[in-house]
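Structure first, then comments.
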Amino acid sequence: NAALMGIKEFFKKHYNCTSERAKNTAISLLPIIGWMKTYSFKEWLLNDILSGVSTGLVAVLQGLAFSLLASIPTWYGLYAAFFPVIMYFFLGTSRHISVGSFPVLSLMVGAVVTRLVPDEGLPANITAFEGLTKEEQRVLVSASLTFLVGLFQLGMGLLQVGFIVMYLSDTLISGFTTAAAVHILISQLKFVLGLTVPGFSGPLSIIYTLESVFTQITSTNIHDLVTSIVVMVMVLGVKEINDRFKSKLKVPIPIEIIMTVIACGVSYAFNFSENHGVDVVGKIPNTFESPIAPSLQVFQMAAVDAFPIAIVGFAVAFAVAKVYSVKHDYVIDGNQELIAFGASNIFGGAFKSLAASTALSRSAVQESTGGKTQVAGLLSAIIVLVVILGIGFLLEPLPKSVLGAVVIVNLKGMLMQVVTVPYLWKKDRPDCIVWVGTCLAAIFLGLDIGLAVGLGLELLTVVFRAQFPRCSVLANISGTDIYRDRKDYVNVSIYEPEGVKIFRIPSPIFFANIDFFRDKLKDAVGFNPLRILRKRNKAVKKMKKLLKKGELTLTSNGLQATCSMPIEESEDESNMEDLDKPTDYSDLPIQVNWNAELPANIQVPPVNIHSLVLDFSVVSFLDISALKGLKAAIKEFIRINVDVYIVGCDRKNCKFFDDEIKTSIFFLTIHDAMLFINESHPPKTVSEKVMKTFGDCTSLICSFKD
């Protein structure tokens, strides 16, 4: 009965539906309910209207331009600036990102489109392709892929795996987007030069594209080239003015829109399409097309491609959303963002939209023009709607070379990320390797394989950092109780305490790096304690044998050899297990001074420290294998009369303590340990150091026991 009551209470507590819980669930699934209650019409509405109009105009132009990357008709890019925005308005938690097409995603979609429906040759064997033109087949592939991307994102959101984006570091994303920018730049050359270049996909596709471009370079359309250069120069120049005077400009100069209007007018006036062979946007339907069901066969053939598209789209959008949420002090929910983008892409895919994420430049426009909420996003979608249904025909004479030029200009930010490589090489070489490896792999092997390579390199760097951490010997900053690595403080008075080594390992200690830890510890102290211990045990055995045979005599100056050569002992005569045990001085009448000259030419390396401090303040855990290895290492030092202290670590037994290792070796801080060490081993005065220097010449190698 008690068990049943406990189960009943558990279900009542965790699965009981109250009005408060229902309200919180509704706000969680529909964030619009939360922020609309606090919406200030007087203060925010005008800003949202201005931002929505500005963002909508940019979204129209970018939608047309980015659709070229996906190898589908231009007006389908406009759908990506409408349908996903409507869904995100209700489900998204970010108030400032502009949802719509993103060049990297469009390029990844285009790679799948050209693989299943190539420019030359037969399309893939898909039943739904029957009776469709090549353009319609490509639109079906794009829409089905977008739908599948949405399913992946929605599934991850419902499973609460938004944390997956943490495995995509800023370095990886930077290298990946730089490679994508290179792909986009190369893909736009055919529009800028007015050439007919077939689409390539797969590894080395960028090489094949360049080869095709350069073999046709003599066929360049001068009108396309000149138009593109003029547009790029003007847009870059005005964007620079916008950046330099953004504090004085209430609204950035919409140079892309201005140049588009001018280009449309010039193209229409001089009939570029017929008179000069310039490829233009062409007919834009003034209505929405009917929704379609996705193709299951496309799902099967594109599932491997859809997952990285889903991850990249969410990662980029979440990164941008996080920046604006911190700037404007509100919270975004990663799992809800996955649900929002999943639903947006499912809805958009059903209406033949491109895969949606966010473009950095478009989001910057929405935020910088005063946008406060997604009301600005909704208004931008209305602007797109007006263009589609009402004035789209005005864009029909727009040269595609202008769209290509706009795409290339918007790549500046992504391409300039390459300047971070020298900085990474100086500050963090593993991160630099991830950046360069991801970038090169994505450029030459394709974006999907490049992303996989980047993830692999990132995991390898995690393993490398954990298995081979940067261990260091700490020194004291003069006049303080602070201990730091000498290498990090070149111009500061810093010294190592005499007779003490302070060793830090900045990572967990576990089975994979315990041997590395012990090796680095030996390097830090400058000797192998086990080797010293064995040599001392051998030396003691030799002394005992020489004493028994009368070849060592006890004098007022210690032990003196009566013969010039000692008795040599072969390695076979020594039991190695006995040599690893604590030194047995029981049959010696004197205490051996191991740092002085020994009798009968016995050689034992000196030990120049009396204390070893292990700084574990940044060690998050030790496993059983590490505990065993650490215990063995500590015992080796204790057995050669080096005191060992551990700081910044919890005292846990785990059969760690015994007759040799005591709980008293633990201290809270390095300074506490050093105070104790200075009491046990007071630092030598100047006169003592001088006496030691001269005394070493004639020192007694042994002293009588009390």
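Every residue, even glycine, has its Cβ placed from backbone N, Cα and C.
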Next on the checklist: Suppose you had to name the range TrEMBL annotates as transmembrane segment; which of 139-158, 459-478 would you pick?
Outcome noted: 139-158
Checklist entry - Pick from 97-118, 339-360, 625-646: which range has transmembrane segment per TrEMBL? => result 97-118
Next on the checklist: Same chain only, please: residues at least 6 beyond the ends of the transmembrane segment (75-91) with a C-beta under 8 Å from a C-beta of the stretch. Say none if there are none.
Outcome noted: 29-32, 56, 59-60, 62-67, 99-101, 106, 139, 142, 284-285, 288, 336, 339-341, 343-345, 347-348, 351-356, 374, 377-378, 380-381, 384-385, 387-388, 392
Checklist entry - Same-chain Cβ contacts of the transmembrane segment (222-239) under 8 Å, 6 or more residues past its ends? => result 191-194, 253, 255-256, 259, 263, 272, 276-279, 399, 401-402, 404-406, 408-409, 412
Checklist entry - Given the transmembrane segment (375-395), which of the listed stretches 49-68, 97-118, 251-270, 401-425, 432-457 has the most Cβ pairs that are under 8 Å apart from it? => result 49-68
Checklist entry - Is it the case that the transmembrane segment (97-118) and the transmembrane segment (251-270) have 3 or more CB pairs under 8 Å, with pairs at least 6 apart in sequence? => result no
Item to check | Region pair the transmembrane segment (139-158) / the transmembrane segment (401-425), three or more CB pairs under 8 Å | outcome: no
Checklist outcome for this item: Of the listed stretches 49-68, 298-321, 401-425, the one with the highest count of C-beta pairs below 8 angstroms to the transmembrane segment (251-270) is 49-68
